[in-house]
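Copied over from TrEMBL:
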type	residues	note
DOMAIN	31-166	domain 'Exoribonuclease phosphorolytic'
DOMAIN	196-261	domain 'Exoribonuclease phosphorolytic'
């Protein structure tokens, strides 16, 4: 998303390489870079994750707080996103330079997670019409190396998987008013299902080819891009077009099918990694055991 200045000779080299299905880093057009993922790294958050996709570095923290539900959805909780681009992530993010990128990512996340197909927001309701859990999702972009939306979506899904919501009990006081008791036991928590939480797949058009997981240099050569939020079973929840160029309708339909296949594989790989990390954490023993 952040612009990179490269020469015309560099652009020609990148475009010609992609036409031959050989990118500058040795990948094919539909190949991801190495992705690192870890959860539970911010101790004062209800859920957190850290994702590194080559040189793209993302940190996500979630705080769960009780608040009044949205008047338009009184029987549901809600999710609110905040995105911040650090000045160190990219030289263009200095001052107010990162606000445009942050706004675009926040808008894409809010629109996608506004769909009831992604999260069971009804499970966040405590007292319908009065109290519900609100999930404040803070996204911090530490370094920008291309494919920002894709990396952010993986980090958000991982943080939601790590999310621990304290269990609550509701009783009536002597005046007939409800009282909420929030458990302070760190093990007395509930988890959200992330089975339907999508990952973003962005395909950038460079020359006559579409490439997956574009670097910043490749993004500078792209005439347009298509970002789609895909669930683990291949449902496309939302779709966004980027760039100033046009995309032919036939190409769009073909690319959506490619994106669905990639999305299914990416979601499966992310869930496998998260479940493996959880099992390894459970196996850790203290020095007295």
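Here the Cβ of each residue, glycine as well, is placed from N, Cα and C on the backbone.
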Per DSSP, the domain 'Exoribonuclease phosphorolytic' (31-166) contains 37 helix, 50 strand, 49 coil
Work out, from DSSP, the number of helix, strand and coil residues along the domain 'Exoribonuclease phosphorolytic' (196-261).
-> 19 helix, 26 strand, 21 coil
